[in-house]
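Here the structure is laid out as structure tokens; the discussion comes afterwards.
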């Protein structure tokens, strides 16, 4: 499916060059990778640049509330079995960042692109993707993001009639609602531990029934589709019923779910599940996430969890008690400034772990843990928490900017 | 109620639990248990009847369509109105607060009847959403310290003659009417726009609900160290932001 290799127009070339120059200036000024500013400059000069850059690629889009960066990496790694890949691997997932990433991949055959949930419909229209992977939708940054159900509705409107193969999670009713208006859907039973954004039927508003792993609306008949692919324990089940072992360096059920979706996407491009899954072993820390680092003479595993669904999945992958756990929460712009979501997380799951609380909003966490009847210690910073923690690897769970603070401090 | 037991109902968590509203139920439950009371908490889903015989009812915030569905189902069910007629304590937040009033504007931009348990009427503001930390002085009649919370709504709620403002804002928008009022109360029925969740930020309100349910003048003190630390931090933050 290698696309045409029609060269870019002089205008597009100029836009790419100007974008790279702007990015270089931004880097020189110490303002990060410059990919976003570079993309913005380039798009200003050539508004159709994203479509043009994608024109010669087989494009896969990946969107979700959680897991999109990791899944993008897994798909990219799997597709490399079949040809060169360009990807926005650093998580710059809005149009400017995507443009910047694609501008750096003129030799690639595949473009594997993580897309912010709010931009999915627009990007899907611009780049004519061959496949779109939809993992999950749940509450996130409620002070500034659209309502979760409205997001599903926008996906549905934006994707209806899109000819791409939609690879969608059958276990998330909001994702099923978003995908089911499309003509070409491959359902994956990837699971979804968090259920509190989908108790009412996305179609009619009835109360969803959830017998076992199934879900259905008794009022309108909207129900879980029959999946072609499934995550089953440590294996991926393909549509023929064959089981392929998952071997990942990344921990947890959620990452096995991401690998399952990635294997389904890769198979659509002719990559055998065994090949795809073996290649995924190569994916280790994604932007510092899941990385184990040495700090203060101790091993710290850094875990990013941005919202209730993410915290729930993270609790299920940490080492058992008495492993010490550090929790860090901020509420800056990129995190969402409302901390109410802490009360959607079941902190009784941490019973038995020595707990240390840091971050801008450590007092919100302190009250939350007090009400959950947990013992904990409030610390000023990670150094104090690490010094106080009993022996053993320390699990550190942080939300978005708290995670960035942490990486800066522990030198990761 | 029995002498040492408290029946707590969380109304429609499947529809109205978008802003950590479970926290309000957890705080009431925890603080009653810490005083040695036996608490039965029932989470009533919107396809189940609301029992009329409980002591305290909590109803939370939600998105626009779930709010309409909740109002439709509560009107049809009638349990919450029967509970109010029995003198139950009802504490409502944001979308739930609007539902307790006479009417509000629903997701279809139509007037949706509420339950008429509070003499308030809600519409949608023309300005943008009210988002941010709020600091307000609670009605002196209730004898409570300052109200701290986080607001995130576009609602405008007008109070009728039998509803009293729950508080007057120092910082923030509250009812969005421009007159500085925030929330409403009358007898045992309370409404507020505050998230946080509000009872985690204001445990004294949780204690008020428990006292009203127990018809008790006072409660044994509990360790409020972390609540107080959080309150002080948020009050300072709200002041600094304005």
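For all residues, glycine too, the Cβ spot is worked out from N, Cα and C.
What TrEMBL lists as active site is A:338.
Per TrEMBL, Zn(2+) binding site is recorded for A:201, A:204, A:217, A:220. Residues near residue A:220 (Zn(2+) binding site) in space but far in sequence (CB under 8 A, at least 6 apart, same chain), listed by position: A:201, A:203, A:204, A:206.
Positions annotated as domain 'Mur ligase central' by TrEMBL: A:65-266. On the 0 to 100 pLDDT scale, the model's mean across the domain 'Mur ligase central' (A:65-266) is 93.
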Comparing local Cβ density (other Cβ atoms within 10 Å) for the binding-site residues A:201, A:204, A:217 points to A:201
Residue A:338 (active site) sits from residue A:217 (Zn(2+) binding site) (Cα to Cα, rounded, in Å) at a distance of 32
Cβ under 8 Å from chain B, restricted to the recorded positions A:201, A:204, A:217, A:220, A:338, picks out A:338
Residues sitting within 8 A of the centre of the A:201, A:204, A:217, A:220 CB atoms (Zn(2+) site), not counting those, run A:202, A:203, A:205, A:206, A:208, A:218, A:219, A:221, A:222
